[in-house]
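Handing you a structure now.
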Amino acid sequence: MRECISVHVGQAGVQIGNACWELFCLEHGIQADGTFGAQASKIHDDDSFTTFFSETGNGKHVPRAVMVDLEPTVVDEVRAGTYRHLFHPEQLITGKEDAANNYARGHYTVGKESIDLVLDRIRKLTDACSGLQGFLIFHSFGGGTGSGFTSLLMERLSLDYGKKSKLEFAIYPAPQVSTAVVEPYNSILTTHTTLEHSDCAFMVDNEAIYDICRRNLDIERPTYTNLNRLISQIVSSITASLRFDGALNVDLTEFQTNLVPYPRIHFPLVTYAPIISAEKAYHEQLSVAEITSSCFEPNSQMVKCDPRHGKYMACCMLYRGDVVPKDVNVAIAAIKTKRTIQFVDWCPTGFKVGINYQPPTVVPGGDLAKVQRAVCMLSNTTAIAEAWARLDHKFDLMYAKRAFVHWYVGEGMEEGEFSEAREDLAALEKDYEEVGTDSFEEENEGEEF
């Protein structure tokens, strides 16, 4: 089997984990205690779901997941929540003191005490796998645990499991909805440290999700539960091909092969459609062409940036539900003719398609309408560099005055690490810029000298 192990780090990671596993259980007909429900026999013609769940001797299904936080409160909610019997108690790991929004605490002082225990639990999970495919790591950029501990964990996973893929689902700090003043510091430090260890990172910008909840789902004041349920739909779409049989299936390494042209340029933009409330869905025909087209609208994106200003390097369309290849080909052809999508000139074709016949499931009492088909688009576009530019600018404003730096240095970090990380991100922005310049322009430049 091709197993995937999910690691949920810090408050954001764990809470998104809750939403994701709730949805996965619904999709696979697994009840809150890990046993199969009445409908399950219908669903289980295929056993692809064992990529995410392991089965115990007495027929219970346990997620292949670890939840880690350096302070106990968030994981305690899991321990006392609806799904408390789903997880093995050893899969829920907590420390005693939190990282206090401080990357240095998560990476050096406090994180160091928990890392071996976490790796030991991950080792137990990997030992139970026959063909481990890789790791999915859920975390935020802004928190201390999410940034610091994740980067420490990624370094150690690279050591222990060198060739296995590591995909991140990272919560990008939202410009409007900030939870900590030092988010830009943490984000840039963690990006710098994990850049060489991560194979592919799907960024989700809280503000973009807020806007989608307000605009498409008519939720005036979205809560984290609303956001996380939406994020879990996206994670579900990206991982559906790993958990169900389909016509055109995509596995973890295939994502990388098709989306990452250069090792550092591994931040695809995620777009999902249709995001629609039950009242509206009742009156709309959401055809393949329509949902495909809405993927190219900036307001279905998970990160605020404008792809019309950038160029596409690769594009991966993951359909699920009632979709046939012919419709997809027609829809994509229409987009190529109608839309002004600019691909970089060294990558002319650029569309990869996956189709999965399992229609999207929704959480009962949730915000999303039950629809027959959905699509998740992963595109590698140079426009996402806008997101880095925003963060870098905020970092510069604070770092020019060396604001808050003493908290990091006090935890054993060197000040030089800040400037090193900032230089690395400047290089990343430059990389994106260079990838977007046309190859024939460069050739002409060379002749002038």
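From the backbone N, Cα and C atoms, a Cβ is placed for every residue, glycine too.
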From the ranges 1-4, 85-88, 177-180, pick the one that Swiss-Prot records as motif 'MREC motif'.
1-4
For Gln11 (GTP binding site), list the number of other Cβ atoms lying within 10 Å of its Cβ atom.
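Gln11 (GTP binding site): 24 neighbouring Cβ atoms within 10 Å.
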Which residues in the same chain, at least 6 apart in sequence, have a Cβ under 8 Å from the Cβ of Gly144 (GTP binding site)?
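The answer is Gly10, Leu70, Asp98, Ala99, Ala100, Asn101, Asn102, Tyr103, Arg105, Gly106, Asn186.
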Which one of these binding-site residues has the most other Cβ atoms within 10 Å of its own Cβ: Ser140, Thr145, Thr179, Asn206, Asn228?
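When each Cβ's neighbours within 10 Å are tallied, Thr145 tops the list.
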Taking the Cβ of Glu71 (GTP binding site) as the centre, how many other Cβ atoms fall within a 10 Å radius?
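A count of 19.
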Using the alpha carbons only, what distance in Å do you get between Glu254 (active site) and Ser140 (GTP binding site) once rounded?
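Spelling it out, the Cα of Glu254 (active site) and the Cα of Ser140 (GTP binding site) are 25 Å apart.
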